[in-house]
Amino acid sequence: MDEGRHSHIETREDARDPDVPEAAGRAKSYVFAAAVVVALALGAFGSQVPDGIMVLGAVPFAFVLFVLVLLGVALFHGHTLQVALGGALVITIYTAVFAPGFAWPTEQAHPGLWGHLLHEGEHTLLNLGGLLLGFSLLAKFFEHSGVPDNLSRLLPRRPLLGAFTLLAVVWVISSFLDNIAAAMIGGVMARSAFREKVTVGYVAALVAASNAGGAWSVLGDTTTTMMWLDGVSPLAVLRAMVASAVALAICGLFGAVQQTRVQAIDPPTGETKPIDRVQVMIVVLILAGAIVANFLFTGPWAGFFAGGPWYGVWAAILVGSLLRRPTWGELPGAAKGALFLLSLVWCASLMPVRALPPASWSTAFGLGFVSAVFDNIPLTKLALEQSGYDWGIVAFSVGFGGSMIWFGSSAGVAISKDFPEARHTWRYLKEGWPVVLAYVVAFFTMLLALGWWPQPKRDESAPGVPAAQARDAATERASLHARGVAADANGPAQRRWR
């Protein structure tokens, strides 16, 4: 075993700050201090506009501040929560003082920064935080049910095949469950199958498998659910399965090789552990609560029920607690991870991103890298408002792209609570490099195999579609038809990429 190249994560006690040489720690501090000085100099010589301060001609200073936050997270992985909270405070103060003309989202009930906090708190922060905390308890119910040990016994005994099969199971689970839950269930199975010795590279593969599995299903990810509810056909999203399967193959192969070098699959032996059917029932109840509440939250019955999917999860947990006591001791650690992610989501919501470049395959490709550091929910919303995209490609880009960095997706943040060394950004990038390769190869494989096909979100002749939208679409079809581009008689023009 080459433990020098691919060291493993042994226990949750490793959540303590890693031993970092004093000289290296000072060097990181100097680098960050220099970056702060450069940022302040840029801000001092920037130009004031209603949206804030512009530097280097047309770069919002808010982006510079956010880059500083991400740099701090990467450098000081032992203090990520403090860095994220401090960055959120600085960016909030900057927005309040220097951006009086910030273009707040039109759907806010109240104008200004306070209205934005209320809107984000209700629609994003509360939901995401509640789900992260709830699914941490779900993972413990699942672990104590005895199912992971028994599933591990069913995995192939051949090292590479067994490690790959576990990732494939997570990929499938994520297609009909929330990808956060799928990642955490996969983490529980991995700890059992690999005797607690799980590499950072394999953790990255677990995150990638859960995000890839959710990218091609309207039930597997928040972004794809948003598309479905906005009128995108589930069949259009299903096209992402091509890219998702390629991504699974690449991440699964490299992840299995990395993991096997440190610890080959070693399922439990001896007497079979009995399955606690009550614990299993509680797991099913929690997942059902999430699905039902998500439908009520975004469906035609939204209103009184529009509190968010989190309340369905917690209602099920409270009901289940009557039968089995939850592991409440998990909540403090989960709360730290959730607060970290929510701080980054809040920072991203204050970025002056109000438009995307023209819809094209290159724009969709770039969205994947952007979603690794920005919240993919507002990115998806911008794409839906802009329209004109191939929704299968967009679903893969925004869904899988966050796997490139551990804090780029909710699944990554959630699972890193149980595998704390995955929070070392440079180490995650070093051992998780196959995720970036998988994204690039899978994206262009899908593009070459299926082409770039912009699909309508709904039939433009359907009732309720604004007349202006129909006229614009008709004009677009006529213009493209005149240039010899194939057009669909009932929808926006469709064009193959060449």
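Cβ atoms are placed via backbone N, Cα and C, with glycine included.
Quantities reported herein were computed from a predicted structural model and do not represent experimental measurements.
The feature compositional bias 'Basic and acidic residues' is assigned by TrEMBL to 1-19. Positions annotated as region 'Disordered' by TrEMBL: 1-20. Residues or ranges marked as transmembrane segment in TrEMBL: 29-46, 53-77, 83-104, 162-186, 198-216, 236-257, 278-297, 303-323, 335-353, 391-415, 435-453.
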Winner by Cβ pairs under 8 Å against the transmembrane segment (335-353), considering only 29-46, 162-186, 278-297, 391-415: 391-415
Sequence-remote partners of the transmembrane segment (435-453) [C-beta within less than 8 Å, at least six residues beyond its ends]: 204-205, 207-208, 239-240, 242-244, 246-247, 250-251, 254, 360-361, 365, 368, 390, 392-393, 396-397, 400-401, 403-404, 494-497
Cβ contacts under 8 Å made by the transmembrane segment (162-186) with residues that lie 6+ beyond its boundaries: 131-132, 135-136, 138-139, 142, 148, 151, 155-156, 193, 202, 205-207, 209-214, 216-217, 219-221, 244, 248, 251-253, 255-256, 259-260, 264-265, 267, 287, 290, 409-412, 414-415, 418
Same-chain residues at least 6 beyond the ends of the transmembrane segment (236-257) whose Cβ lies under 8 Å from its Cβ atoms: 159-161, 163-164, 167-168, 171, 201-202, 204-206, 208-209, 212-213, 215-218, 224, 227-228, 390-393, 395-396, 399-400, 434-435, 437-439, 441-443, 445-446, 449-450, 455
Chain residues outside the transmembrane segment (278-297) and at least six past its termini with a C-beta under 8 angstroms from it: 127, 131, 134, 137-138, 141-142, 144-147, 177-178, 181, 219, 225, 305-313, 315-317, 319-320, 323-324
